[in-house]
Amino acid sequence: MKKQWTRRSAAAIAMVTTLLLSSHSFAASEKTERVDPRNEAYAKQHADQYESWRPTSDSVQIEDALAEDPNMVILWAGYGFAKDYNKARGHFYAIDDVRETLRTAGPTDENSGPMPMACWSCKSPDVGRVIEEQGEDGYFSGKWARLGSEIQNPIGCADCHDTRSEEFKNGGPALAITKPHVERAMNAIGKPFDDQSRLDKQASVCGQCHVEYYFTGKTKAVKFPWDKGTTVDEMEEYYDEIGFSDWTHKVSKAPMLKAQHPGYETWREGIHGKNKVVCVDCHMPKVTREDGTVYTDHKVGNPFDRFEDTCANCHTQSKDMLREIVSSRKAQVLKMKLTAERQIVAAHFEAGAAWDAGATKEEMAPILQDIRHAQWRWDYAIASHGIHMHAPEVALEVLGSAVDRAADARTKLVRLLAKKGITDPIEIPDISTKAAAQKALGMDMEGMEAEKKHFLETVVPKWDQQAKEREAADYHPL
């Protein structure tokens, strides 16, 4: 009798534990069908969309943004982006690019390397799959290399669509948010996904990734800083209130913020967003085949490449005229961007000189706050890809405020340096090239590149083989 009671009690405890675990952090989906993250799995079902997605692989060339603008090496001194920052390529390369960047370094096992698991979060439909299977804590916990063999398929179908729904299986879009942290963010700004209009949903699925975010808690989980809103001021206020910083600047020791790519936020504030012109209208237009079939072109790209299907739907001006307008705005934004950079770079070096001259934390605190705010505003504008087209007025206003904050910092620094007996201009080292700027910071680029090469040659092939074996066991062959 006692043994029977013990067995029943153990079974009951196990059942309760199972229920608690399954309800924790979105741990298990109510759906019994496993999500298939392989984009090729939908090639027949959505042939037009798949065949138009594949050419996102055409953007083979890697453009080095640091080589183009070495100021950014100094602006991100002490942070991973000073090592390596390339311009965005097509979705097809999402996995390759995050593996190959120096920012993820060269982990030798699942517990090494500088980056958290969160760095996969916008790279693959495997992320949503793993969250379903292991819960949010199960996904986010640990280092980036921990699930390298699990995160294998580049950005694609199951990132933005409910691929298991009858709507999708019958040829419909079935737009979906596939990550719980995005659902919470949309709720925070009063836009629950299920209540959104079709147009808003088309923007929100892009807003799963083309946004500002940060890592929080023990697991370094992704969170969008939208609790107070999505403008540059509202997010700055949020970060200041919680005392968050991404890193401490190597030169100035300022507690810095690294804007990611707040395209969704700046789009909302710009003329296109306010007029409900959404991402797909310009970057994934509806096109018509010769047989009259209409479908959404999934080769995300420049609207000028498909002018008649994009811009011409709203604008009466010629392609040449609109291109000239956009080029002019881009030049204006670039000019203000470089102006802000020169001021902020100088502020970092002047702050470093103030520390060297014996400045105290109390003396430096308001100066470092100005530098933090200046660079946050600069980064918010320049990290939002295409802001010169999405919201040029937002870019110019925000960059103007970055210049103002940097000027505030430098004015205070002039007084503080004079107080310490320094009245000559602070010398800035040679930062005319990417290599020179990295050298000025004492960065061992050869060592980093060798470490990355070893990782790509030894660790990544094992990941790929393990993934191949797992997918062969879990899914039907393609």
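Keep in mind that glycine also has a Cβ here, set from the backbone N, Cα and C atoms.
Taken from Swiss-Prot, the feature heme c 3 binding site applies to His91, Cys206, Cys209, His210. DSSP assigns His210 (heme c 3 binding site) to coil in the three-state reduction, outside any helix or strand. Other Cβ atoms within 10 Å of the Cβ of His210 (heme c 3 binding site), summed over all protein chains shown, number 22.
For Cys119, Cys122, Lys123, the entry in Swiss-Prot reads heme binding site. Under DSSP, Lys123 (heme binding site) is assigned to coil, being neither helix nor strand in the three-state scheme. Remark: Lys123 (heme binding site) has Ala94, Ile95, Val98, Ile151, Pro154, Ile155 as non-local neighbours, by Cβ distance under 8 Å and separation of at least 6 in sequence.
If you look up Swiss-Prot, you'll see Cys157, Cys160, His161, His298 marked as heme c 2 binding site. In the three-state DSSP scheme, Cys160 (heme c 2 binding site) is classed as helix.
Feature annotation from Swiss-Prot assigns Ca(2+) binding site to Glu212, Tyr213, Lys258, Gln260; the stated evidence is sequence analysis.
Annotated substrate binding site per Swiss-Prot: Tyr213, His261, in sequence order, evidence recorded as sequence analysis. Around Tyr213 (Ca(2+) binding site), the same-chain residues at least 6 positions away in sequence with a Cβ under 8 Å from its Cβ are Val222, Lys223, Phe224, Pro225, Gln260.
Taking the Cβ of His272 (heme c 5 binding site) as centre and 10 Å as the limit, one finds 19 other Cβ atoms among all the protein chains shown. Among the features that Swiss-Prot reports, heme c 5 binding site is placed at His272, Cys311, Cys314, His315.
Under 8 Å, Cβ to Cβ, and six or more positions away along its own chain, Cys282 (heme c 4 binding site) finds His272, Pro303, Thr310, Cys311. In the three-state DSSP reading, Cys282 (heme c 4 binding site) counts as helix. Under the heading heme c 4 binding site, Swiss-Prot lists Cys279, Cys282, His283, His390, citing sequence analysis as support.
Residues or ranges marked as signal peptide by Swiss-Prot: 1-27.
Ranking the binding-site residues His283, His390 by other CB atoms within 10 A of the CB puts His283 at the bottom. Annotation for Cys209 (heme c 3 binding site): spatial neighbours Ser121, Cys122, Ile155, His261, criterion Cβ-Cβ under 8 Å with sequence separation of six or more. Within 8 Å of the centroid defined by the CB atoms of Glu212, Tyr213, Lys258, Gln260, the record's Ca(2+) site, lie the Cβ atoms of Val211, Tyr214, Ala259, His261, Pro262, Ala383, excluding the listed residues themselves. Spacing of Cys279 (heme c 4 binding site) relative to His210 (heme c 3 binding site) is 11 Å (Cα to Cα, whole number). Ranked by Cα separation from Glu212 (Ca(2+) binding site), the binding-site residues His91, Cys119, Cys160, His161, His298 are led by Cys119.
Comment: heme c 5 site residues His272, Cys311, Cys314, His315; largest CA to CA distance 12 Å, whole number. In sequence order, Leu322 make up the list of same-chain residues 6 or more apart from His315 (heme c 5 binding site) whose Cβ falls under 8 Å from its Cβ.
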